[in-house]
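Copied from TrEMBL, the annotated features are:
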{"type": "COMPBIAS", "residues": "18-29", "note": "compositional bias 'Basic and acidic residues'"}
{"type": "REGION", "residues": "1-29", "note": "region 'Disordered'"}
{"type": "REGION", "residues": "362-387", "note": "region 'Disordered'"}
{"type": "TRANSMEM", "residues": "43-64", "note": "transmembrane segment"}
{"type": "TRANSMEM", "residues": "76-96", "note": "transmembrane segment"}
{"type": "TRANSMEM", "residues": "108-130", "note": "transmembrane segment"}
{"type": "TRANSMEM", "residues": "142-159", "note": "transmembrane segment"}
{"type": "TRANSMEM", "residues": "166-186", "note": "transmembrane segment"}
{"type": "TRANSMEM", "residues": "198-216", "note": "transmembrane segment"}
{"type": "TRANSMEM", "residues": "237-254", "note": "transmembrane segment"}
{"type": "TRANSMEM", "residues": "274-299", "note": "transmembrane segment"}
{"type": "TRANSMEM", "residues": "306-325", "note": "transmembrane segment"}
{"type": "TRANSMEM", "residues": "331-351", "note": "transmembrane segment"}
Amino acid sequence: MSDRQYLPAPEDPASHANPDDDRDGSLRYPDPKTGRHYTPLLIANYLCLFIGSVSATLLSKYYFIHRGSSRWVSTWVQSAGFPLLALPICLPYLLGYTERSPFSGFTWRLLALSVFVGLCLGVNNLLFSWGNSYLPVSTSSLLLSSQLVFNLILSIIIVKQKVTFSNLNCVVLLTLSSVLLALGSNHDRPEGLTRGKYFIGFFCTIGAGLLFALYLPVMEKIYRRVYCYAMVMEMQMVMEAAATALAMVGMASNGGFGEMRAEGERRFDRGPRLYAITLVFNVVTWQLCFMGTAGMIFLTSGLTGGICMTALMAINVISGVVVYGDDFGGVKIISTLLCSWGFCSYVYGLYQKMRLERAAEERKRSGTTEDDGMEITPMVVPPNDNV
């Protein structure tokens, strides 16, 4: 957990966007990026994002390969695993790693924001499912890759993200990598796709990409009012619960539950047992993916979260080659290399930035002057016996 979690919660965390700026000195929360638990927590969240994204992609493909086709089921599994977040929320308190009890300091304002964002996330999941059910993987990947460009633009507007060579270079390379990846997979167009369905899938996928591009910087701005990692998971749990409620209302009103039963018993060609196992693991892996995304936004930035998710597209391609025997031609090789190059350059730039910030923090703690960065030592002049 972040070092900030070991401090008592203020009466209204939402009213202290930056507690370090309090003039009376009564509230002092250390920067999470300088705490001793920051790096392990960052690695743990990226592993959750990595495992969740790759596994969810493979399981979703397995679902559709074996004649699964329900849009409502695809929407529901993306958020239904929210009870699993009780583990990172409650376990540190039960094990004595923190004195902060779960949901203490969780204000009505944060609750309202979490519910609203969760409903928007549910709409995003539905749009993604509709687009994924109509469009081929190549077209869907091409359209979703545009979210990274939108993410950079919206981050500049909403959270005043600084444009550096590192992040601009990464965005360009990852977008180019996604475009090449989509163009290299243009043979997977589904049969019987009408023009009307194509346009429905097109606009649904564009909408999903724009919503997710907006979600990342908005959550970064909200997380600036959150003072510990546990509160991030609490907000995530509320958001996923709201998204699940929206999906269940849609399923109940459109026969989604009956469609799930019929699909498992008759249409899914691997039998009801494997159908249930596929859904359960889809639920778990999607939750890992969103949990890792939330942690990455809180610990770094919304742009970094979007870059990490886009960079995983290359890993998804390689995993498809390994697990399902997909073709891996020259275009996909070039796309993977561009993706790896862009992501590694961004990680190196991020590392250099963190090292400079920590060096500045150490200089500040050591009591050096702000003018020239050098410590002033008094000079003692020996007495002159000739005077």
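Residue numbers in this text run from 1 along the chain shown.
Glycine is no exception: its Cβ is also placed from the backbone N, Cα and C atoms.
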Segment proximity, the transmembrane segment (237-254) to the transmembrane segment (108-130), 3 or more C-beta pairs under 8 Å:
yes
Top partner of the transmembrane segment (274-299) among 43-64, 237-254, 331-351 - counted as Cβ pairs under 8 Å:
43-64
Per Cβ pairs under 8 Å, the stretch of 43-64, 198-216, 237-254, 306-325 packing most closely against the transmembrane segment (76-96):
237-254
For the transmembrane segment (237-254), distant same-chain residues with Cβ under 8 A (at least six beyond the ends):
72, 75-76, 78-82, 85-86, 89, 111, 114-115, 117-119, 121-123, 125-126, 260, 287, 290
Stretch-level contact, the transmembrane segment (43-64) and the transmembrane segment (331-351), CB cutoff 8 A, at least 3 pairs:
no
Using Cβ atoms and a strict cutoff of less than 8 Å, what residues sit near the transmembrane segment (306-325) while being 6 or more residues removed from its termini?
46, 49-50, 53-54, 57-58, 61, 65, 141, 145, 147-148, 151, 167, 170-171, 174-175, 177-178, 181, 212-213, 216, 293, 296, 332, 335-336, 339-340, 342-343, 346
